[in-house]
Every structure is written in C-alpha cells, then in structure tokens.
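Asker: Starting off with a structure, shown below.
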Amino acid sequence: MTVELYTKGASVWVPDPEAVWASACLLQDLRPGDGHLLLRLGDGREVQYPVSPPSGLPPLGNPDILEGENDLTALSFLHEPAVLHNLRVRFLDYSSIYTYCGIVLVAINPYEPLPIYGEEVIDAYSGQDTADLEPHIFSVAEEAYRTMIREQKNQSIIISGESGSGKTVSAKFTMRYFAAVGGASQQTSVEERVLASNPIMEAIGNAKTTRNDNSSRFGKYIEIGFGRHGDIIGANMRTYLLEKSRVVFQAPEERNYHIFYQLCAGRELPEMRALKLDAAEQFRYTSQGGEASIPGTDDTADLERTRSALTVLGVGSDQQMELFTAEDRSLAVFSKLLGVERAQMAHWLCHRRLAVGAELLVKPMSGRQAGEARDALAKSVYGQLFGWIVRRLNTALRAQRERPRSVIGVLDIYGFETFDRNSFEQFCINYANEKLQQQFNLVSPMGLFVACISWSPPREGGPPGAAAVQCSSWSIALIEGPLGLLVCPGVQGED
Ligand SMILES: Nc1ncnc2c1ncn2[C@@H]1O[C@H](COP(=O)(O)OP(=O)(O)OP(=O)(O)O)[C@@H](O)[C@H]1O
C-alpha cells in the first residue's frame, strides 16, 4: 500500500468481530512517523487505529463508482475485504450470484431456484460476445463453445469449490446450454441422453451429507463431443475417487447412496417385489446415519426418475433388475442374487485361506474380521457396479456417426473444503496442468474456471448468501498467470 494514499476522506477496511471487515473513513492525513490513523467507523464512533507504516496499514477502500463491479479485476484495490464487499453488494443489492474475476467466474450458491436459466436466457447468451453480457454460467459455456468453433480446439471448464457450493448444479447448467446450442441443427437424441445420465449418476454416486442433501461423492469429468457443425454428437464420462466407504458406513445424519433408499422405498412395486427388500431403516448399511428419509425428497418418485433415465440410455428393464439385485441383508437372498452357493458364501465370509510353506490352511476368522470381510465385499461389489454403469452410460453416449471434431470437457471436482492459497495452487497445478493435459489429453488445458462459493452449513432462515460474504475463515488465493484471482472458501466456519 502506498502511504500517500492514506489522506483525509479516504476509506479503509478494518477487521471487525461481527462483520469481519468494516468500512471506516480517515479523518486526517497519515503523516510520517504517525503510529495510528484517526478513523470514523460506520456507527459514527471516532477511533485511533494503530498502524505501523509502510506495511502495517489497513486495506484501502475502492472508489464508490466501482461498487458492485461485475469483474473483480476492474477494482482499483483487490484484496480480501474488497472482494468480499463487492460480492456481497452484487448478491444482496443486485441479486446477482455471478461475478467475473478475469477469466474466472465466481458463483455464489443462492440456495433457492432462480429464474435465470430459461430458454430465453440461453438465447440471450447464444452467439453473443460474452464481454457485452452480465456474468453467468451460460457466458462461460458460450465462451467455451465459441472458442471451440472458432479455433477448432478442445476446451475445458473447471468447476471447483467446497461441498455444497453448487459445482454439480453449475456443471448441469453448462450441459443444458451445450444441449440447447449444440442440438438444434440435427434431430438427435444425444443431448437427451447426455442429460439423462445426470439422474443415474446422482442415484448411484450422490448421498446426503451434513453439508449437502445431494452431495456427489465422486469426481466427474464429462467430455461433450461436437461434430463439424458444432452439434453434439456424443459424450464421455470419467469418474474417479468414489467414496466407497459410504457403502458400509455413514456418519450421523448422513445417508448411503440414494439408490438404496430409492429401491427400499419402491419395494412394494410389483416389479420390485422379487428383490425382497425391507424399509431402509431395517438395514445396517442404510440406517447408521439415523434418518433414512430426506425432507422434500420422494425416494419412490426418484426411483422412477432413475429407471426412466436408464431406459432412455438403453438399459432395458431386465438389465435394470440385474443391476438392482446386488445386496440384501439375508445371506440366503444375497447368495441367490449374486448367483453364489449359499454354503460357500457363508464359509468364505467367515474363513480365510493361508499359505504356510507349501501348505494351504483354512482358518476361521474372528467376528470383527468377518465383519470387515463382509464390508470389503460390499464395497467391492458396489465399486464394480458403479464402474459397470459408467461404462454402460459411455457406450450409450458414444458418438455413432463420426469422430468428434472437438470436445468441451467439464471437470466437477470436490473435496477442497479447507484449501488455502497453497493447496489451491497445488490443485491448479495438479488438475489444470498435469491431469488435464496428460491424463485427459486436452489441447487447451487452461480453460475456463468457475469458482463456486457458499457458506457452510447453509444458515437456516438467514438471508441467502449474507453469511457467504462475511465468513471470516475465507481465504483468497491470488494466482498469478492466466488464472487471475480466485476467491475460494477457506476452512469451514460460520460468521
Ligand atoms: N445456481 C443455483 N441455483 C439454485 N440453487 C443452487 C444453485 N447452485 C446450487 N444450488 C443449491 O445448492 C445445492 C448444492 O449444490 P451442488 O450439489 O451443486 O453442490 P456441490 O458443490 O456439487 O456439492 P458436492 O461437492 O457435495 O457434490 C443444490 O442441491 C441446490 O439446492
């Protein structure tokens, strides 16, 4: 900070226990040798604020004319209070959840449906220069689409943020956008199939956590393939790091994967009776979290949604039943469903084989060891099923007529709940450079970034987003180079 800027009338930000940062006005110039600033706070109080120039000075406020700027990089002073204040003004005063930060789009989770994703909005962004339009997730999608068409180069959109911040919803909106702008020229059902993959992946890979009722418990990278006319001709999905431990253990107030509750809820349907299921409360693997149902969620209706999406993707009802017949609490039913002899299953769940020299010994396991073996089997079966479904979806989504000319990849990545500047930079290095470039083999790995932000947990009854821009534990990562500045939530905490 330049000491000369601390003149009478200038505004500064000072730490505040309530509001995190409070604006204050300088009542006199800072003179050489001064050990404090004379400030007037927002409530009218005059205070002497200790300083130690040149480095120990409070951050300067931006000129009023820049209040609510739609691009953070346009601010004269870019620091934590300036960023938080600007996002807060945009969110609370302008009802804008989106703000640019150079090539990064910052998205605040509104936690309520907004009327800003309809077809008329897609039309407004389609074919437009995004610099002329308000920040929006569609502007990121449009930018990727236009650049891909113009430069015939693959593009990528990286969506990151903490759990519950809105990554999956943002990724879905980008796909909806591509389906709308890339589907009109040819009457193809590819875009329908791309969208149909969402409910299926949510059923088998999402679960209720204490932070998010519909939390994706796996990383997802979806590549949409476009033909020479810019139309969607196929898609491919890669998943990684599925949280398999959830299959056998859930923390209080959390659930196992949605599909289990959907199947239990639909157990009375004629076609489901063969599964011989009970209520979810009756099974160890679906009841450890306590509450088996989620207010506002109808598991039976969701089962229908999952099944019709499977049908759209060409998984017939017989095959669907094969998928669902994976587990049951009763050994007899379980063995029958898996097609394994019951006595053998019982034996090998309770015994293990040891090689001692040239001899093979069969030893009984303790109760704990047998429980662990059962859990390991359950996790493995679920992991295999998950992989099978992803492969099956990819077959249904694969481009049929021609090889895609170019692709847009959307990476929806979770698990950075406590990332600070260093770990975020590490994330960028790992995912933006190495993984995207080498593993995903993208031509243009430094794509567009969407940073989703929210507060955690959402505050009941509070004004949406208010806490988001006040949370003291947030950190700001200043990333040099093409990323510009990214605002990311720091460790969990409420104001
Ligand atoms: N743009 C939005 N408009 C309305 N509601 C939203 C929006 N984004 C997120 N939400 C709400 O927030 C919830 C959590 O969002 P989402 O599931 O996308 O988070 P996430 O970052 O993918 O979390 P996780 O990492 O746990 O999967 C959604 O179920 C939805 O209710």
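These residue numbers are counts, starting from 1, taken along the chain as shown.
Quick reminder: no glycine exception, Cβ is built from N, Cα and C everywhere.
This is the feature table in TrEMBL:
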| type | residues | note |
| --- | --- | --- |
| DOMAIN | 67-441 | domain 'Myosin motor' |
| BINDING | G161, E162, S163, G164, S165, G166, K167, T168 | ATP binding site |
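Context for these features, please: burial, neighbours, distances.
Answerer: Across the residues of the domain 'Myosin motor' (67-441), the predicted structure has a mean pLDDT of 81.
Taken residue by residue with DSSP, S165 (ATP binding site) is part of neither helix nor strand, so it is coil.
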Asker: Have a look at the binding-site residues (S163, S165, T168) and report the one with the fewest Cβ neighbours inside 10 Å.
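Answerer: Checked S163, S165, T168; of these binding-site residues, fewest Cβ neighbours within 10 Å: S163.
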